[in-house]
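Visitor: Here it is, the structure in full.
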């Protein structure tokens with residue numbers, strides 16, 4: 001037996017017991033004739049003591065020579081610490097060591113293995129196996145495990161079966177780019193890695209598996225950002241014989257179960273619901289952060305027609321009221337203007353108005369507006385003395401709302417309104433079924449081609465497809481879309497109509513999705529489902545800024561695994577075996 005206990009479990013109740021611990025040397029401290037070693041494993045840290053008054057000199061000499069991250073085994077007696085450490089669970093005890101074996105030496109690590117480390121992101125990703133030794137990173141993995149366990153418990157209790165679906169599938173043209181895999185046995189043909197198990201879970205519904213789930217890897221070849229990775233994990237679910245209310249109730253229940261068991265937060269009230277139209281109108285986003293108010297107010301009627309050309313020519317003028325932010329300095333306001341002018345936001349400028357203590361309004365465009373008009377602005381914004389009104393305008397309504405959304409989030413962060421330990425949950429419903437692409441002059445599915453239109457909107461498919469609402473829904477928490485889904489089309493004729501509107505010829509639809517349309521001919525039940533992003537859930541509960549920090553071996557923002565140096569070139573022999581030839585990149 002290598003060890004009798006872990007480095008996180010010993011307490012005063014274990015005094016005078018002889019124990020054996022194994023782990024990594026966190027740090028070594030020498031004080032007079034004593035050497036203190038902090039020994040760390042997955043479970044915690046325990047202090048070891050090598051005392052020259054009671055331990056062999058040879059043992060104490062070896063203890064002094066220990067280096068950081070050496071792997072050792074130590075046997076000794078549990079003693080009460082004279083100088084206790086209240087910051088760790090084992091802080092009341094220490095081990096008076098009588099025997100020690102060095103199991104493996106370590107080179108000096110390239111960064112400190114501490115919560116507050118001196119290693120940058122790139123260096124820590126290159127040595128991810130060392131980064132995972134840090135308590136803060138390891139705790140994210142433990143949280144991920146507990147959440148996956150609770151998901152399985154809840155869904156099993158609701159009668160769901162966990163069923164695995166294939167990883168090598170057929171490539172489809174909709175959505176993000178596929179990762180493709182050449183087939184050696186079928187020259188010139190390719191598999192794709194699944195962007196989701198969408199079609200397979202629908203086939204499982206046709207097969208009679210009325211409640212399915214799996215925690216599954218998915219792959220999308222798209223540009224990366226803080227909440228995206230080329231491979232990510234979904235909690236994928238589907239149900240038969242359900243309407244939208246059944247799905248929302250089931251998975252709202254799962255969310256509440258996770259809050260209760262993981263965060264110890266009891267949520268009794270139903271999640272609010274907001275239409276997509278209202279989310280875009282009042283927040284400029286289909287995933288609004290409702291931890292704080294600051295809703296958009298349209299100001300076209302108030303501010304147009306006063307010889308201020310920026311507003312007079314605008315297709316949209318919108319404002320937010322930042323309560324209590326009237327004390328913002330000119331420097332802070334200039335910084336906000338610079339923020340909205342950044343290429344990532346794209347606004348041309350920002351107008352502000354401050355409500356003074358006497359109720360008067362002072363703005364950055366006073367020469368164009370009378371105090372009477374500014375008071376009308378104040379009333380429209382419901383602003384009070386000490387408040388700050390921030391206004392953006394533009395010639396594209398949707399684009400300007402998105403810019404105002406970025407400004408709202410930035411101001412909310414500056415005012416401390418986006419507390420990571422406060423949670424605001426809601427459902428966003430009634431999405432458009434289609435979105436129009438001006439460049440290609442065609443409709444695209446806002447979610448995917450299998451999303452059902454709302455029954456009352458089906459007649460509009462022939463007359464006004466852009467007005468059709470989808471039977472789709474997203475769960476949003478703190479401005480993060482943690483999950484989304486829809487009621488699916490289960491009728492072959494309606495599915496064919498959907499393909500036509502998306503520009504598929506009957507031949508193309510049959511080639512891409514014939515297997516699904518054929519299955520629908522054999523008694524497909526009404527069905528719908530939802531997929532949660534496990535990575536996003538974990539990062540939300542852990543208070544992380546990026547999902548990368550809750551994935552054991554993530555990719556960087558260029559989609560590379562710098563630890564194993566992937567992707568990489570392959571041998572010419574492998575290329576020939578796969579009937580592939582590389583074309584030089586002329587860029």
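We number each residue from 1, going along the chain as drawn.
Cβ coordinates are placed from backbone N, Cα and C, and glycine is handled just like the others.
In case it's useful when we look at the structure, here is the feature table from Swiss-Prot:
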type    : residues                                    : note
BINDING : 174, 220, 447, 488                          : L-aspartate binding site
BINDING : 220, 221, 222, 229, 481, 533, 534, 535, 536 : ATP binding site
REGION  : 198-201                                     : region 'Aspartate'
Visitor: Over the region 'Aspartate' (198-201), what is the model's mean pLDDT?
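Guide: On average, pLDDT over the region 'Aspartate' (198-201) sits at 95.
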Visitor: Please tell me which one of the binding-site residues listed here (220, 447, 488) sits closest to residue 536 (ATP binding site), measuring Cα to Cα?
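Guide: Among 220, 447, 488, 220.
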Visitor: Of the binding-site residues 220, 447, 488, which sits closest to residue 481 (ATP binding site) by Cα distance?
Guide: 447
Visitor: Validating a neighbour-count step here. Other CB atoms within 10 A of the CB of residue 488 (L-aspartate binding site): how many?
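Guide: That number is 21.
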Visitor: I want to check the contact list for residue 447 (L-aspartate binding site): same chain, sequence separation of six or more, C-beta distance under 8 angstroms. What comes out?
Guide: 431, 470, 472, 484, 486
Visitor: Which value in Å gives the longest Cα to Cα span across the ATP site residues 220, 221, 222, 229, 481, 533, 534, 535, 536 as recorded?
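Guide: For the residues that bind ATP, the greatest Cα distance is 20 Å.
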Visitor: Ten-angstrom check, please: count other Cβ atoms within 10 Å of the Cβ of residue 534 (ATP binding site), all chains counted.
Guide: 24
Visitor: Residue 220 (L-aspartate binding site) has how many other Cβ neighbours within 10 Å of its own Cβ?
Guide: 20
Visitor: Within the region 'Aspartate' (198-201), how many residues are helix, strand or coil going by DSSP?
Guide: 4 helix, 0 strand, 0 coil
Visitor: To see if you understand the setup: which same-chain residues, six or more apart in sequence, place their Cβ under 8 Å from that of residue 222 (ATP binding site)?
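Guide: For residue 222 (ATP binding site), the qualifying residues are 176, 177, 228, 230.
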Visitor: Provide the three-state secondary structure of residue 220 (L-aspartate binding site) computed with DSSP.
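Guide: DSSP assigns residue 220 (L-aspartate binding site) to coil.
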Visitor: What is the separation, in Å, between the Cα atoms of residue 534 (ATP binding site) and residue 220 (L-aspartate binding site)?
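Guide: That separation, Cα to Cα, works out to 15 Å.
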Visitor: I need the most crowded of these binding-site residues: 481, 536. Count other C-beta atoms within 10 angstroms of each C-beta and give me the top one.
Guide: 536
